[in-house]
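Q: Once you've had a glance at the structure underneath, I'll fire off some questions.
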Amino acid sequence: MKNYSKNATHLITVLLFSFVVILLIIPSKCEAVSNDMQPLEARSADLIPEPRYIIDVPPRCPPGSKFIKNRCRVIVP
């Protein structure tokens, strides 16, 4: 008879522990789902830092050419 009560105590302990774990996991899963359901603009606004000033630097041209009107042009001597 003692063996049955020990098994029952162990079973109840395992069930209580799993119940507590489930209670801890479910709210975090729901929060993740609610974050996924937000519009893309709302989520990306949190991730993107403030815009930095972009300096328009012309591309480098090979030797013997210059950057003229958005293209590298070969200068004929």
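Yeah, the Cβs are placed from backbone N, Cα and C, and that goes for glycine too.
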Q: For the disulfide involving CYS72, grab the partner from CYS30, CYS61 as Swiss-Prot records it.
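A: Disulfide pairing in Swiss-Prot: CYS72 with CYS61.
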Q: If you skip the near sequence neighbours and keep only those at least six away, which residues in the chain come within under 8 angstroms of CYS72 (disulfide bond), Cβ to Cβ?
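A: Those within reach of CYS72 (disulfide bond), by Cβ under 8 Å and sequence separation of 6 or more, are PRO59, CYS61, PRO62, SER65, LYS66.
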Q: How many other Cβ atoms sit within 10 Å of the Cβ of CYS61 (disulfide bond)?
A: 15
